[in-house]
């Protein structure tokens, strides 16, 4: 679609909607019409919600009305449900012996809204007891009676009789409801986002399902000690199939009951806030489980309840259902879902899963993105309804932010396509995300480690991949996430050290060549990704200390074993194992940003990519980063170009003994106690105004800071 950009007042006004995007990227000019269309489509829906519901925020508060609720003042229980294309609706459960005749809902309008209010018992108690089972029974237009779980239910638990999940009415006494004690933490202005990606169920060394309470008491202190300021919680939304890693959601407003109660999760988030850590939800709005009896699929007997009908509503690779983002009630459901997790559980933002699948009608399947802008704006390929939903979601976050004293909620997109303007504010003509995941970086590392000898590592290609991101759109860099930890793949530590991790990680035995190389490169890979790859950083739990095993959830194929569905945090507590060194280095790396503000600073200036020496040098926010990837060559008095003249000192050294290195750099004079200093001279070198000489051992990274500037 192409809209005119002539001289009328309306057209000039429309053009102003995308001025920020065009200023950043003039190559978007030919696609102005499509960008304006996105903005106008957002405005259309926004105005419609304002007219019909009072505001977007009100529209997204449907979780307070829809579903089964308790009125503590009157002791009444009420339910509202959107169920089109049925002739009868009943509430059934333990409370009425599953009788379909005693508690029938009444139609409220012609659009499919049904409602029922249940009076209290003779003892003035709720007619539906807390934590009792219930379902919605319907008679379809064809006369079939079906039973389904409420789409808005707040708790579901596995049946003791079969593998299906059962809906439960979560309505604890006020004295048993967790009360939040701590404010949402706000990051310091220079503190970049440092994300610890975690899954509650695997966050225990024991071969079992971990709990919210275990995570609160055992894992949160570890994350805090490391210096991460954000947690990304996976698999929170209820999913009947544990091995889906939480990505086949069955109940969108219920949190996973495997790990504990809703009150337990509230306590976890509140304790994280006390520690100054924000918590993001890994939200799955790209698709839904195809489960029928305990999911959303075929809820009212049709295949198009909240979803597209027919083949358009199915994801062939994921074997799941796809939402219809042009449907009014689908938007109500999904936007309310976002607000629900912010209001009820105090999540501080979202990582949106599967954004590439949402953005395109082809869902990115068998499509190789080349960077041609036509791939991002072709109306036959792009799902503009999904884009409008994502923009509405960010508009909602902005409105909630105003209500919460301008708290900045964070949004991250999992997108591999490189969609332009994805991470620009709506006010600049963008879709609204704060960050996108730099998904090319982990792929690069695996290819390098798997296919190239150390001598074949290409410094220029490495730097290009780490720095290749859209101007003005922030990225989260990472070496590996949960994807690389899954069975069938290997973590970086396992690619580097393989089976020797089981036999040669003891500090009581000498380094083997494999372990020596693995520990050194593990640190270097993480540091260069952290410092050069983006404006934020992510780590999957356990990888910070080189967790020795892959991740495999219990399933038929492994005999329902939990042996690999765990994280062995006990390894870092064993003083005789080398995992403690990797853990210590990762913590030092996080605190480096906390102290010096690396991530939020301008992109680094890379002054050297020496292929023969395998040396990379760059400056970022006043720090000088030096990497020697050569497997054997150490360099004495290596000349380094630097812009700022002065006296430099080491602030991080991967070869330090405290990080499992060899201590080849004497950072402190043993006799005087003075720190090693590097003095610049005014010789121009590698396009920098000054130079200094530095000893850089093989497979070592050092970070210098100017301690005393010279004019």
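Here the Cβ of each residue, glycine as well, is placed from N, Cα and C on the backbone.
According to its DSSP assignment, residue 135 ((1,4-alpha-D-glucosyl)n binding site) is in a strand. If you look up Swiss-Prot, you'll see 98, 135 marked as (1,4-alpha-D-glucosyl)n binding site.
Look at Swiss-Prot and you will find 353 tagged as active site, nucleophile, backed by similarity to another entry. Following the DSSP three-state reduction, the secondary structure of residue 353 (active site, nucleophile) is coil.
Look at Swiss-Prot and you will find 414 tagged as active site, proton donor, backed by similarity to another entry. A coil conformation is recorded for residue 414 (active site, proton donor) in the three-state DSSP classification, outside any helix or strand.
Per Swiss-Prot, the feature site 'Transition state stabilizer' maps to 483. Counting only same-chain residues six or more apart in sequence, the Cβ atoms lying under 8 angstroms from the Cβ of residue 483 (site 'Transition state stabilizer') belong to 442, 489. DSSP gives residue 483 (site 'Transition state stabilizer') a helix state.
In this structure, residue 98 ((1,4-alpha-D-glucosyl)n binding site) belongs to neither helix nor strand by DSSP; it is coil. One residue stands out among the binding-site residues 98, 135 for having the most other Cβ atoms within 10 Å of its Cβ: 135. Checking Cα-Cα distances from residue 353 (active site, nucleophile) against the recorded positions (98, 135, 414) with a 10 Å cut-off leaves 414, in sequence order. Close to residue 414 (active site, proton donor) in the fold, though at least 6 residues off in sequence, lie 351, 352, 353, 354, 355, 356, 436, 437, 439, each with a CB less than 8 Å from its CB.
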